[in-house]
Amino acid sequence: MVRNIVSRLCSQLFALPSSSLQERDPCSVTEYSGLATAVSSCKNIVLNGFQVPTGKQLDLSSLQNDSTVTFKGTTTFATTADNDFNPIVISGSNITITGASGHVIDGNGQAYWDGKGSNSNSNQKPDHFIVVQKTTGNSKITNLNIQNWPVHCFDITGSSQLTISGLILDNRAGDKPNAKSGSLPAAHNTDGFDISSSDHVTLDNNHVYNQDDCVAVTSGTNIVVSNMYCSGGHGLSIGSVGGKSDNVVDGVQFLSSQVVNSQNGCRIKSNSGATGTINNVTYQNIALTNISTYGVDVQQDYLNGGPTGKPTNGVKISNIKFIKVTGTVASSAQDWFILCGDGSCSGFTFSGNAITGGGKTSSCNYPTNTCPS
């Protein structure tokens, strides 16, 4: 009897450390409370599908150099009604943010959507879901499945040598009206990728389903956007440029991408009455399908509340190439719309373009009053 009791006690004693060590692995996070410890002490972090509480960030801004973070399961976010709140923040050097098979990052957009996006003062909501700031050193964000973000999805700022690839951004749940939006789509201002004040950023092979710009570069240099699939939004955009702390765009390539069921295909927009520079931008091998407003749109009369119809020339737009932009727009749309300020556009090149279907006559005031065919 005594021997059996001692034997059982010994087996339990020796079993405890192994189980305890598994439960206490600081690098495998199963609830929000373990996140800070993992970020400070680990270089290979696994986030195992937990809810981020109200008012708390999924803070990955202090990752060690060369860290890898892998999302598993379903990561969700409790409601935080605050325009200045960023649910996810990422920063680091030579870091990798990725997702395991079957994972989902759900931004809880349904709790916020009201058809107004960032234009509502009474119904506050996080303006950017994921902020990638000062991320450098050949860092990578890959293979993430993100859905239902409240307003803008990615804000990429102050970063360099960064590649984002293989992402699926899916906000189609916001296409239909809800009780707050009346007849409007519930989701609004839901840009996929906003890029500012960054250098050598590459977006490749990403799918975006949303209700605003698929990609919007408002400032930055040496940006490459390739093999994108953009559906439901406002297309591949430069701008709006002007009136911000950084108003220089120089060296952007949009390559081999599809824009479908969207308001615009290729768009360059500068803010009315503002100053800045847009230089050396190429749209090449862009396929358009069922564009509802403009196949190609260059306008210098932009305001968030709507264009003024009177272009200004404070933002200089130069060395712009449209090469093999092809496809169809809706019968209610215009194939081309170019509205430049007095003397502020120069060096546009058009080659191999074929945009058809627009029932409204194209309108261009540069380089001549005749639009490209």
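Don't overthink the numbers, they just go from 1 along the chain as shown.
For all residues, glycine too, the Cβ spot is worked out from N, Cα and C.
C371 is paired in Swiss-Prot with C364, the candidate among C345, C364 named as its disulfide partner. Among residues of the same chain six or more beyond the repeat 'PbH1 5' (249-270), those with a C-beta under 8 A of the stretch's C-beta atoms are 213-215, 217-242, 276-300, 302, 312, 314-315, 317, 320, 322, 325, 327, 329, 355. Taking Cβ pairs closer than 8 Å, the repeat 'PbH1 7' (312-333) reaches residues 241-242, 247, 259, 265-266, 268, 270-296, 298, 300-301, 340-360, 372 in its own chain, all 6 or more past its ends. The DSSP breakdown of the repeat 'PbH1 2' (159-197), given as helix, strand and coil counts, is 3 helix, 13 strand, 23 coil. Assigned with DSSP, the residues of the repeat 'PbH1 1' (136-158) fall into helix, strand and coil as follows: 0 helix, 14 strand, 9 coil. In this structure the C-alpha atoms belonging to N94 (N-linked glycosylation site) and H234 (active site) are separated by 32 Å.
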